[in-house]
Amino acid sequence: MSQASWETVDVTIIGGGPVGLFAAFYAGMRGMSARILDSLPELGGQLTALYPEKDVFDMPGFTRITAKQLAKEMAEQGTQFGADLVLGQTAQDLVEQEDGYVITTAEGARLPTRTLIIAAGAGAFTPTRLGVPREAEFEGRGLSYGVLDKAALAGKRVAIVGGGDSAFDWCLNLAPIASEITLIHRRDQFRAHEDSVRQVLASNVKKHLWSVVRELHGDSALEGITVENTQTKTCDRLEVDALVVNVGFKSSLGPIKAWGLTIEKNLIVVDPRFETNRPRVFAVGDVCTFPTKLKLIATGVGEAVTAICFAKTYLDPDAKLFPGHSSDMDLFQTGHS
Ligand SMILES: Cc1cc2nc3c(=O)[nH]c(=O)nc-3n(C[C@H](O)[C@H](O)[C@H](O)COP(=O)(O)OP(=O)(O)OC[C@H]3O[C@@H](n4cnc5c(N)ncnc54)[C@H](O)[C@@H]3O)c2cc1C
């Protein structure tokens, strides 16, 4: 159950993608309490949702790193100061208060904050649904979009829908613990990394190719699915305990557009401090626009540093804008000088 009312924090960051994660890290560096809100259940934004297996070559310090490993490192760095995580919830409304704002989520949480950084990328990601009857009824009762709790699938019969990296990653990840895995994909070609495809095809994962899920069965929880082979038009009923759907994401800036911010071509206009037209509200990363904007992680994280430093001056007018060098700080009491 989601906690409905939360404490006030110095900064709330909408978006747990790479730029939002670095904003959370930098907030910690500046001694600010922080909260990250994301509509997805997992941190990483586009890195995790759209291209986990692709190599990224333009990150400082990494000659090459997969997007999912980069997301993992950035999540570790971004949360090490103890930022609150509000995941699986979408920012809906923004109401100004005397000393900041209250964000409410579509799921009913109330999140008071002194400053706000919007790092919402192309907007809130929501999973693409199968579009079959009773889908909403079984969501959270056996049907999920991605895996929230891997351990809960131990010993279970799991069907996985999709032909991309997420579907193949979950086949490989769950193989050691699930009692049976069935992969269902609408074609016989896959968009996943070729090594993952090779491993899954060589494994004992059952495959239903050229197949789609047509029906869901069960009373209070999912007990089975009907799968149709679109070439032969034959249907099979499979007894399963869990159905994991990985057929992509849709994104939408949605409610943020109604927050009174200046928007141009679906992007939030910012000044050189990365502040929007509303005081204490900043926007960074893919969601913001200014004349020299580049949509890259390397530039987005720099924007996040500047925005956090200006947000800090709202909280403490005597605070220096320039934070000093991290190498001169003993942030984690390592004892190094
Ligand atoms: C295939 C592909 C390859 C790429 N390769 C590279 C590369 O090699 N190098 C590079 O620098 N860049 C690359 N990029 C671009 C890079 O991924 C983006 O620039 C980067 O992800 C932007 O980060 P962000 O944190 O601003 O937004 P995102 O990563 O988009 O994260 C935004 C997050 O905000 C959340 N969110 C949005 N609205 C709400 C809301 N209302 N409530 C709650 N949560 C919300 C979303 O769910 C999402 O998780 C690539 C992009 C793609 C698609």
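Numbering starts at 1 and runs along the chain as it is shown here.
Cβ atoms are placed via backbone N, Cα and C, with glycine included.
Note: TrEMBL annotation is automatic and uncurated.
The record from TrEMBL ties ASP38, GLN46, TYR51, ALA91, ASP286, SER327 to FAD, and of the options PHE22, PHE25, PHE125, PHE310 it ties PHE125 to that site too. Highest Cβ count within 10 Å among the binding-site residues ASP38, ASP286: ASP38. For ligand 1, the neighbouring binding-site residues among GLN46, ALA91, ASP286, SER327 are GLN46, ALA91, ASP286, by Cβ distance under 6 Å.
Taking the Cβ of GLN46 (FAD binding site) as reference, residues of its chain lying under 8 Å away and at least six apart in sequence are, in sequence order, GLY17, PRO18, ALA67, GLY121, ALA122, ASP286. Counting other Cβ atoms within 10 Å of each Cβ, the binding-site residues TYR51, PHE125 show the lowest value at TYR51.
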